[in-house]
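A.B. asks: Take this structure, written in structure tokens, and hold onto it; I'll ask about it next.
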Amino acid sequence: MTDASPTDTAPAYAGPRRILSGIQASGALHLGNYLGALKRFTQLQDSGAPCFLFVADLHAITVWQDPALLTAQTREIAAAYLASGLDPAKSVIFPQSAVRAHSELAWIFNCVARLGWLDRMTQFKEKSGKHKERSSVGLYTYPVLQAADILLYKATEVPTGEDQKQHLELTRDIAAKFNNDFGVPGFFPLPDPLTQGPAPRVMSLRDGAAKMSKSDPSDQSRINLTDDADSIVAKVRKAKTDPEPLPETIEGLDARPEAKNLVTIYAALADMTREQVLAQYGGQGFGAFKPALAELAVASMAPVTAEMRRLMADAAEIDRVLKDGAERAAEIADPVVDEVKKIVGFWRA
Ligand code: TRP
């Protein structure tokens with residue numbers, strides 16, 4: 001086998017399992033973030049491996065962020081982690097920028113990653129749009145910083161959405177090239193994305209073809225993690241639907257994006273499959289289904305949104321969690337970046 005790539009023959013990483021993920025600090029959180037990320041993190045918290053969960057503020061500034069808002073959004077994401085059930089005694093919750101090693105390792109990885117690899121990144125193409133030359137350089141090297149986030153903790157599992165799979169592949173490529181170029185087989189793990197599990201794509205309540213998004217100008221399009229019970233009920237009641245009753249089978253949802261979205265949300269909130277939801281509600285109209293969904297959404301989201309509002313009124317409590325998290329994160333990250341610097345050959349006394 002002369003054409004075997006170095007990763008085929010290199011010894012596998014032998015360190016412990018570690019789970020890591022981040023949420024970008026650039027806007028209010030909504031039901032899509034809750035069902036797609038936060039709820040899964042709480043399930044992973046007790047899986048036996050330590051969890052590192054951070055607020056990606058370094059990533060946020062790849063596009064312009066108002067400084068005062070950035071601080072507030074960082075606290076809001078920390079509040080959402082806590083309100084969703086993450087326990088700061090078990091999971092390490094911290095702001096990315098508070099652990100200097102992220103930026104340090106990202107620079108070194110900028111010199112490992114190849115331009116051709118980054119040229120393939122579809123998220124940059126989407127985010128930079130028609131005016132690539134006006135994007136920040138940071139937006140271009142965004143996935144390299146993401147690789148640093150992950151490998152700094154030698155994370156082995158990364159729960160993310162499907163849209164992050166390409167960035168995970170890049171992370172593996174960077175890890176393999178570093179291990180190979182510097183002759184340190186197995187130094188960095190090749191982390192696995194965790195995209196399976198209950199991570200539904202939650203769509204806008206006004207348009208079943210668009211993702212639920214903080215940037216949608218209509219607040220009616222999303223359920224925010226700070227909405228109270230009355231607004232949740234009102235938003236579900238006004239959600240766009242069609243005049244047909246719910247189908248009996250999943251295939252019956254195919255050409256009905258709005259119906260499909262509401263059934264998906266119900267299933268995710270109730271920890272049911274969509275088949276089970278249709279077995280219960282197939283044949284019934286939205287006049288019956290919407291009130292049931294509103295009740296379920298309030299029952300499952302109200303404790304989270306109430307805790308979110310309580311925490312956001314107590315910045316001191318959030319700041320204590322973030323400071324403690326940053327210290328614990330640095331205890332893992334600093335020795336790794338120190339070792340990397342030694343491997344690279346940087347001078348030290
Ligand atoms: N890019 C991720 C997103 O938009 C956020 C993120 C930054 C991240 N660094 C990470 C996710 C490291 C997982 C691991 O969702």
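Glycine is treated like the rest: Cβ placed from N, Cα and C.
Fair warning: this is a prediction, and the values are worked out from it, not measured in the lab.
What TrEMBL lists as ATP binding site is Gln24, Ala25, Ser26, Gly32, Asn33, Gly161, Glu162, Asp163, Val202, Lys211, Met212, Ser213, Lys214, Ser215. According to TrEMBL, the feature motif ''HIGH' region' maps to 25-33. Residues or ranges marked as L-tryptophan binding site by TrEMBL: Asp149. The motif ''KMSKS' region' feature in TrEMBL is assigned to 211-215.
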A.B. asks: Let me spell it out: take the motif ''KMSKS' region' (211-215), skip the flanking residues so only those 6+ beyond its ends count, and list any with a Cβ under 8 Å from a Cβ in it.
C.D. replies: 26-32, 201-205, 221-223
A.B. asks: Any residues 6+ beyond the ends of the motif ''HIGH' region' (25-33) with a Cβ under 8 Å from its own?
C.D. replies: 55-57, 59-60, 63, 65, 70, 73-74, 76-77, 80, 95, 201-202, 211-215, 222-226, 265, 297, 301
A.B. asks: How big is the gap, in Å, between the Cα of Ser26 (ATP binding site) and that of the residue listed as 'L-tryptophan binding site', rounded to a whole number?
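C.D. replies: Cα-Cα, rounded: 17 Å.
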A.B. asks: On a simple 10 Å Cβ count over all chains shown, which one of the binding-site residues Gln24, Ser26, Asn33 is most densely packed?
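C.D. replies: Most Cβ neighbours within 10 Å: Asn33.
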A.B. asks: Please list, in sequence order, those binding-site residues from Gln24, Ser26, Met212 with the Cβ less than 6 Å from ligand 1.
C.D. replies: Gln24
A.B. asks: Which of the binding-site residues Gln24, Glu162, Val202, Met212 has its Cα nearest to the Cα of Asp149 (L-tryptophan binding site)?
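C.D. replies: So, of the listed binding-site residues, the one sitting closest to Asp149 (L-tryptophan binding site) is Gln24.
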A.B. asks: On the Cα atoms of Gln24, Ala25, Ser26, Gly32, Asn33, Gly161, Glu162, Asp163, Val202, Lys211, Met212, Ser213, Lys214, Ser215, which are listed as binding ATP, what is the maximum pairwise distance in Å?
C.D. replies: 20
A.B. asks: Please spell out the DSSP helix, strand and coil residue counts for the motif ''HIGH' region' (25-33).
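C.D. replies: Residue counts for the motif ''HIGH' region' (25-33) by secondary structure: 3 helix, 1 strand, 5 coil.
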A.B. asks: As a test of reading the model: what is the averaged pLDDT for the motif ''HIGH' region' (25-33)?
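C.D. replies: Looking only at the motif ''HIGH' region' (25-33), pLDDT averages out to 89.
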A.B. asks: Within its own chain, what residues at least 6 apart in sequence put their Cβ under 8 Å from the Cβ of Glu162 (ATP binding site), listed in sequence order?
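C.D. replies: Those within reach of Glu162 (ATP binding site), by Cβ under 8 Å and sequence separation of 6 or more, are Thr195, Arg201.
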A.B. asks: Give me the non-local Cβ neighbours of Val202 (ATP binding site): same chain, 6+ apart in sequence, Cβ-Cβ under 8 Å, ordered along the sequence.
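C.D. replies: His30, Leu31, Gly32, Leu35, Gly36, Lys211, Met212, Asn261, Thr264, Ile265, Ala268 - these are the non-local Cβ neighbours of Val202 (ATP binding site), listed in sequence order.
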A.B. asks: Sort out the sequence-distant neighbours of Lys214 (ATP binding site) for me: same chain, 6+ apart, CB within less than 8 Å of its CB, listed by position.
C.D. replies: Ser26, Gly27, Ala28, Leu29, His30, Arg222
